[in-house]
Amino acid sequence: MNENLFASFITPMILGLPLVTLIVIFPSLLFPTSNRLISNRLISLQQWVLQLVSKQMMGIHNTKGQTWTLMLMSLILFIGSTNLLGLLPHSFTPTTQLSMNLGMAIPLWAGAVITGFRNKTKASLAHFLPQGTPTPLIPMLVIIETISLFIQPIALAVRLTANITAGHLLIHLIGGATLALMSISTTMAFITFIILVLLTVLEFAVAMIQAYVFTLLVSLYLHDNT
């Protein structure tokens, strides 16, 4: 194959203009709202899933934390639909771009931390110095806790980027191997094709799980600061 291995991760362009904005907006069209008294089956299923996820994710929060419910549910829908659409042939997955994932992780993390310093100042500052710390270790522990705090959004973004990118690369490599083996050994090509199908099913699960994990970690950061 003459195509570059990382060609699917290059931002698509038309007439020199990036299409990322249109691609990011497109998933929102998949979740229509209904003004009717009785919704259809698709919207009813969508509402049931959202209620189930919101109960599991937001049940641990107090009243202040539950004000983030709409934002977090929109986040999990966006990441999940974007990941799933990226599995379509000749498509582009924005969540494979570290810059975009950082753009989602940093504001949400910063909002949770600022909320904590605003509403629970003493408790937030207490996280930097565990109780009973020996005096000589205080400067070192403060530095370590500060670094761990600022690493949280980076870990969020890198985890999502690495998981989605690794899955796409594996599908690309195994798909190329299947095409190459078709002219060499039909049996090996069939076995490789079965592995490719199983990997694709796994990637569908990974796409949804990573959306849930990303949103759940943001929710836990918020819970620690409200």
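Backbone N, Cα and C define each Cβ position, glycine as well.
Keep in mind that what you see is a predicted model, and the values were worked out from it rather than measured.
Per TrEMBL, these features apply:
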TRANSMEM  6-31  transmembrane segment
TRANSMEM  67-86  transmembrane segment
TRANSMEM  98-117  transmembrane segment
TRANSMEM  137-158  transmembrane segment
TRANSMEM  164-182  transmembrane segment
TRANSMEM  189-222  transmembrane segment
Leading contact stretch, 67-86, 98-117, 164-182, 189-222 vs the transmembrane segment (137-158) - CB distance under 8 Å:
98-117
Which of 67-86, 164-182, 189-222 shares the most C-beta pairs under 8 angstroms with the transmembrane segment (98-117)?
189-222
The transmembrane segment (189-222): which same-chain residues, six or more beyond its ends, come within Cβ distance under 8 Å?
53, 57-58, 60-61, 65, 68, 72, 75-76, 79-80, 83-84, 86-87, 95, 104-105, 108-109, 112-113, 115, 152, 156, 159-160, 163-164, 167-168, 170-171, 174-175, 177-178, 181-182
Tertiary contacts of the transmembrane segment (67-86), as residues 6+ beyond its ends and Cβ separation under 8 Å:
24, 26-28, 30-31, 50, 53-54, 57-58, 61, 92-96, 104, 108, 160, 164, 168, 204, 206-208, 210-212, 214-215, 218-219, 222
